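For reference, the structure discussed in these notes is given below.
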Amino acid sequence: MLGSLGLWALLPTAVEAPPNRRTCVFFEAPGVRGSTKTLGELLDTGTELPRAIRCLYSRCCFGIWNLTQDRAQVEMQGCRDSDEPGCESLHCDPSPRAHPSPGSTLFTCSCGTDFCNANYSHLPPPGSPGTPGSQGPQAAPGESIWMALVLLGLFLLLLLLLGSIILALLQRKNYRVRGEPVPEPRPDSGRDWSVELQELPELCFSQVIREGGHAVVWAGQLQGKLVAIKAFPPRSVAQFQAERALYELPGLQHDHIVRFITASRGGPGRLLSGPLLVLELHPKGSLCHYLTQYTSDWGSSLRMALSLAQGLAFLHEERWQNGQYKPGIAHRDLSSQNVLIREDGSCAIGDLGLALVLPGLTQPPAWTPTQPQGPAAIMEAGTQRYMAPELLDKTLDLQDWGMALRRADIYSLALLLWEILSRCPDLRPDSSPPPFQLAYEAELGNTPTSDELWALAVQERRRPYIPSTWRCFATDPDGLRELLEDCWDADPEARLTAECVQQRLAALAHPQESHPFPESCPRGCPPLCPEDCTSIPAPTILPCRPQRSACHFSVQQGPCSRNPQPACTLSPV
């Protein structure tokens, strides 16, 4: 049985953690990717290893050991990016985790006392994953006093919290006895939406077309035109203001980004009143719904793929136009539910609820975008199925997080391109593609867990299956396969940019043209194809009564069978 590593003896005795900051042992073995150095402040303790680090974003330490042939080696030690389950432990109790190398097992621990990640007393046998580790080191007499003080402090804190709750209930009761309205909690915001936003009497609600965690999307009409209304409850005003701020950025107008019309307040009833985003409505619904219901020939599939890449390239681009600065933006929640189909069959990217403004190189001096608070906010992402491997295993490059988030979007884009091409009959010898499946649905089913996705996409490095018949149709036999593989590469730095993706797709759309390849794009990227000028037929204008009354059209639910909140199709009655 392994004994203690004895790392405590290597720590300088002069390091003392301030009472409000956690101090941990810091060490990273040579060759380890994804440094956690930015999660804390390295203390100047000389050149000896390991060093000490003072945590910036949590009060939790971690340690990772590699057990090979009954011999343990330290892989990483440092601060966690947030307080996670297990951080309440006073000692380092390692638990096993699979290792990609045969004959090796990783052991990890989280703990919440100073330098607690420096040592462990016992590692569980590698052949019994899930076996809890043995108890940590016995507490010294001084530690017993410290633990008693901690328990006393927690008791006093609980008592104070209980008193605050009782006081709030008494105040609420007094308001009711005196007949005064109970004051509602006001969200912490620089702008009071209830005062700033005006109601639109001509806005009417028809039918719910999608429900999310922070908002409900309605089909409706504004001044005789069909619109989508994203209604937020008052408790989600922070999400409303974040998404509104992005839509109101100068220069964000693009054919393949859902068009923002206005912000308002109201609802289908007085009791449901809250902040609203009024957006362009696309009656054909989401990409998921469309692919479930229809197949698309080679030209239509390339049209959807190219327009999707153009929209993402525009979001990612930092540019000046007509004296206005548009920053680069990472979407962070690309999925076939958040991409809509326009009347001309092209795509429009929607749902900027998790989108993030990226640091730029040419931004004006007065430009002060809201920066994310800590690594946890940077690595926040949307639909798990479309999350890049570096987000699943939390190894995103925090040194250059702007570029890292762009690369994570490219991975999601590759999965959407695969979904589009999987419904193209021209890529099948019998012209009969199989029923639509989401990315990884064939491998993991409808509701994969994060652990299942991590094992498949990170540990095994598997990707959705590309049929060999795709090579038989395209003018460039390996073009489709190379495009997808260059977008969902396990190495984020090896992935294409969104601009290069649209140039590759343009070459597939117009193979007869001569395309010079710029040197800046890996494996060559042809220039952009000309903009498509296909006109969009105007939607039918239907009569509408004032706000909170039903509109004279109905929404036919067109289920995307893989999602409980499907996209919908509008149809006049």
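Glycine is no exception: its Cβ is also placed from the backbone N, Cα and C atoms.
According to Swiss-Prot, the features are:
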- 18-149: topological domain 'Extracellular' (TOPO_DOM)
- Cys55-Cys79: disulfide bond (DISULFID)
- Cys92-Cys109: disulfide bond (DISULFID)
- 150-170: transmembrane segment (TRANSMEM)
- 171-573: topological domain 'Cytoplasmic' (TOPO_DOM)
- 203-518: domain 'Protein kinase' (DOMAIN)
- Asp333: active site, proton acceptor (ACT_SITE)
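Annotation for Cys79 (disulfide bond): same-chain Cβ neighbours under 8 Å, separated by at least 6 residues, are Arg22, Cys24, Phe26, Thr36, Leu39, Gly40, Ile53, Cys55, Leu56, Tyr57, Ser58, Cys60, Cys61, Phe62. Within 10 Å of the C-beta of Asp333 (active site, proton acceptor) there are 22 other C-beta atoms, taking all protein chains into account.
Taking CA atoms as the reference points, Cys92 (disulfide bond) and Asp333 (active site, proton acceptor) are 35 Å apart.
A distance of 30 Å separates the Cα atom of Asp333 (active site, proton acceptor) from that of Cys109 (disulfide bond).
Confidence in the topological domain 'Extracellular' (18-149), given as mean pLDDT, stands at 77. In the structure as shown, the Cβ atom of Cys109 (disulfide bond) sits within 10 Å of 22 other Cβ atoms. Cβ-based neighbour count (10 Å, all protein chains) for Cys92 (disulfide bond) stands at 27.
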